[in-house]
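Enquirer: Got a structure here, written out as structure tokens. Questions coming.
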Amino acid sequence: MSGPCGEKPVLEASPTMSLWEFEDSHSRQGTPRPGQELAAEEASALELQMKVDFFRKLGYSSTEIHSVLQKLGVQADTNTVLGELVKHGTATERERQTSPDPCPQLPLVPRGGGTPKAPNLEPPLPEEEKEGSDLRPVVIDGSNVAMSHGNKEVFSCRGILLAVNWFLERGHTDITVFVPSWRKEQPRPDVPITDQHILRELEKKKILVFTPSRRVGGKRVVCYDDRFIVKLAYESDGIVVSNDTYRDLQGERQEWKRFIEERLLMYSFVNDKFMPPDDPLGRHGPSLDNFLRKKPLTLEHRKQPCPYGRKCTYGIKCRFFHPERPSCPQRSVADELRANALLSPPRAPSKDKNGRRPSPSSQSSSLLTESEQCSLDGKKLGAQASPGSRQEGLTQTYAPSGRSLAPSGGSGSSFGPTDWLPQTLDSLPYVSQDCLDSGIGSLESQMSELWGVRGGGPGEPGPPRAPYTGYSPYGSELPATAAFSAFGRAMGAGHFSVPADYPPAPPAFPPREYWSEPYPLPPPTSVLQEPPVQSPGAGRSPWGRAGSLAKEQASVYTKLCGVFPPHLVEAVMGRFPQLLDPQQLAAEILSYKSQHPSE
């Protein structure tokens, strides 16, 4: 069927048609022109190679593929070739099954598992043989066992049978019973013997052995059967089942003495039941299972499993075995914490990029330079502010010795809260610079925490505090809100400066029930007017001086509190009251801190 306008019909590929069928049908649409014969041969060779590679990926060998292609032809479609390969592979598998492989293949080993081991052609040993090979040989003193079962009056052969059966039930295969040969004679009233046929049955099974005995001049000559018993048990590294201690044999040879002490298994008969002790060598010796084994069982297999299982609440103090817990020794939490504390290395001082530790003088000078730079920024900002400017209720405050603060999200300098608290600062927690650098909001929260530590609960009136005195060009237009709350809201935008020195509180303030209640605002003053500088402590410095020296000490104290904890600054400035150089004081503070690490 030809297409419209004389075009050749285009063969559509069905979804089930393979790639090779589509290429074969496409190549059969027309004979190639003479100029394309070479290209067609190369294409057919490439197509054949692709077919071979495809079938080899499916697991068929090159020999099988070529034999099938010779049988069906090179132009055979993929499905036909694949069907023939399946039949050929099935026949090959039958041939392999009928003809045994002379060299068995090695087992596959997972990647990283090392070299594969040679196949073990020997059949695995049964579980009973493995169990019996781990058990010690048993040598039974037949005369002692029979007389014990007969209550020392009758030679009861049934007692020997009970003992032998007990060891057979436990998996022992090497059992030997020694009995004097004269016990095979007919019983007499003075020598009663019961169940004598058991001796012959055990002898047929090669379990019982008769020791030699004979009559000489009408008298019975009996060999010492105990020496047979101890000697065989010693040479076979087994155990001796008897209630006799063989004192005479212990004195003959020293190795026998030790062997009898360690390998003697005593027993009891309770109503035709053979019962050896569970602890043959005493309470602190091995158990009966380990006593009868060549290699003792591990502790996990010996211990009795805990009846509570996973619900056990005794922890590491439980004396029973928990298979779900790791076998390594466990320690308590306190012991682990102590071990970790001993293993953890001490913290070394931080180093700079060149690997050198910063000296105290360079560290203090750099920090003080940053503090002075922030103070200059605050002065510039305050000088640019005009008294008449008003930004929708927002107020900018200025003091000559203030420190510049950035809004939330910016970077600022640390701020010392010593001027707001007239009490001693030894009990205040140290506020890190990272916490105070996050902005005025975090400053308010830090100061709230500091005041909360001193004041206790909301219902407890704390000690009198020096209030924060705000300077506003608008006088009473500011609402009477909490000092820090109004301060935080008024400084929400732009850069502001917080004064470092404040005038003392008025002589009489009404007591506040809560620390957040505001103090009455002072009379309005000009923004550019510099307030009188007061030293900390309402006109009295902590070092007992007044005047210009106290003012200079207060300034140095304020700067150092922005770098070091206040209690360290007070301690060092108290020791060196005449020293006013910030760098030297910083070096002394670092030296004092190294000498008193606990403070």
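Any Cβ shown, glycine's included, is placed from N, Cα and C.
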Enquirer: Swiss-Prot annotation phosphoserine: which of Ser99, Ser535 has it?
Expert: Ser99
Enquirer: Look up Ser14, Ser344 in Swiss-Prot and give me whichever carries the note phosphoserine.
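Expert: Matching Ser14, Ser344 against Swiss-Prot annotations yields Ser344.
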Enquirer: Of 214-220, 592-598, which range does Swiss-Prot call region 'RNA binding'?
Expert: 214-220
Enquirer: The region 'RNA binding' (214-220): mean pLDDT?
Expert: 84
Enquirer: Work out, from DSSP, the number of helix, strand and coil residues along the region 'RNA binding' (214-220).
Expert: 0 helix, 5 strand, 2 coil
